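Before any comments, here is the structure.
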Amino acid sequence: MKIRFMMLFGLLTLPVLAWAADALTGDVQRQPLNIQAIVMFLLFVGGTLYITYWASKKTRSRSDYYTAGGNITGFQNGLAIAGDYMSAASFLGISALVYTSGYDGLIYSLGFLVGWPIILFLIAERLRNLGRYTFADVASYRLQQRPIRSLSACGSLVVVALYLIAQMVGAGKLIELLFGLNYHVAVILVGILMVMYVMFGGMLATTWVQIIKAVLLLFGATFMAVMVMKSVGFSFDALFKQAMAVHPKGASIMSPGGLVSDPISALSLGLGLMFGTAGLPHILMRFFTVSDAKEARKSVFYATGFMGYFYFLTFIIGFGAILLVSANPEFKDATGALIGGNNMAAVHLADAVGGDFFLGFISAVAFATILAVVAGLTLAGASAVSHDLYSNVIKKGKATERDELKVSKITVLVLGVVAISLGILFENQNIAFMVGLAFSIAASCNFPIIIISMYWSKLTTRGAMIGGWAGLLTAVILMILGPTIWVKILGHATPIYPYDYPALFSMLVAFIGIWFFSITDRSEAGQQERARFHAQFVRSQTGVGASKGSSH
């Protein structure tokens, strides 16, 4: 293990050496090399690689690899979920949205948060009692294993791929800007670290990377918010009045409605964000890392608290950037635009309130944020291939633990190569729609199957398959025919589907398809699946027979 670790660490130093060489001949558009940021980044990488080495010693079984043996506490898992969910897009994107649009930014952040009560009250407990490693365990509990797991794995992999592309491109652009590092080198560096964390440390290393990132991000955001409030005498009234006085839009930044052009787009976006959260495979997988349903509920309670606090801070940070960044010519280029674009508002604010040292800290935290999210995504993708497709579909449940883990680690390596390749391929593409599409597919395929399989006794395999595939394909087709891809990317004059987000219609297709093709299923298999609901209901409520945490 030590030899393999040293070889991979050697591989890791190649991009760093390239980075050092590149800094001398770098593109003038990039930021100058930030020594504080590099030192903190190297400290973070060193610390997390040590955690990965420690985790690799404790990861002996399939349960250890997928779920950290089920030994994570509710509080730890709450922090890890927050670390998994609070992406760089949340930190930089929402504060940038507040910086440009004011109150609308808060509404957008609520969209990410409002899905969590659904998970707390409807999903967390039953998911933990019925599942073992992936959400497909739950969806296929009383239905036919092979078709349902195939659909769930496809839904998971599509969501993971889209989310991963968005994160990798975002990572490359962000690191290029923050560290003065070449885009391709940045993407390769993120890919190598991601593979190392997941391949060697499994869920235990991924969990602790996410916990450390969440603590660092919450600390950094708190410090920034406190410094912003200190500058206005800790008065929200003064903060908003001064922001309105400085902002080009004036008082209109305090009113909603500027984000979406019509109510259908608003509803579709809201539904995608709300229900998509409850269908994200890397989030659902985290509920199997705790010992029982009680700890799963605690996880959501703590995670919602941490994330609610964080999104509240981004609102203050956004308004702080209006005050302290937009009025400061030091952060503007020759045309009067923000250096690095509006997404850099929070990073410039870190410089304004804490100087070079704190700017370095926030830059390193932004990098940590990306690594934590891509590690979670990679593990979710690998488990969908190894546990759902290989073990239960191809081998029909007869695969050995050793073979399943081997397939999982090979998949991690493949996902790493694919993520790096797609990150480089999509360098100059608009990747914002990919996150929207990932949420829409999660809301249109994964969520309907999970929620209906848990609560509706008349569901059959036929209904789940037809409805699930219909929801997934409708989401993808409507997104392609919509304004983002059909007009902006493919160059057509007008979109066939006029709205940006498909969730409103694709979710409807999924639910109607599942309902109709289940109630019209008169087969013997369908009758048996309905009869098995009672046993599933008892286990989902009591936890009798559910997998427990392993002790080491």
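Using N, Cα and C of the backbone, Cβ positions are placed for all residues, glycine too.
Feature list (source: Swiss-Prot):
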TRANSMEM  5-25  transmembrane segment
TRANSMEM  78-98  transmembrane segment
TRANSMEM  105-125  transmembrane segment
TRANSMEM  151-171  transmembrane segment
TRANSMEM  185-205  transmembrane segment
TRANSMEM  208-228  transmembrane segment
TRANSMEM  264-284  transmembrane segment
TRANSMEM  305-325  transmembrane segment
TRANSMEM  357-377  transmembrane segment
TRANSMEM  407-427  transmembrane segment
TRANSMEM  431-451  transmembrane segment
TRANSMEM  499-519  transmembrane segment
Point to revise | Paired segments the transmembrane segment (185-205) and the transmembrane segment (499-519) in contact, 3+ CB pairs under 8 A | key: no
Practice item. Could you name the stretch, out of 78-98, 151-171, 264-284, 357-377, with the greatest number of CB pairs under 8 A to the transmembrane segment (431-451)? Key: 264-284
Review point. For the transmembrane segment (264-284), which partner among 105-125, 151-171, 357-377, 407-427 gives the most CB pairs under 8 Å?
Key: 105-125
Check your understanding: Do the transmembrane segment (407-427) and the transmembrane segment (151-171) share at least 3 Cβ pairs under 8 Å, sequence separation 6 or more?
Key -> yes
Point to revise | Chain residues in Cβ proximity to the transmembrane segment (499-519) (below 8 Å; excluding those fewer than six residues from its ends, i.e. six or more beyond) | key: 260, 262, 264-265, 267-269, 271-272, 275-276, 433, 436, 439-440, 443-445, 447-449, 452, 456, 458-460, 462-464, 466-468, 470-472, 474-475, 478-479, 482-484, 526
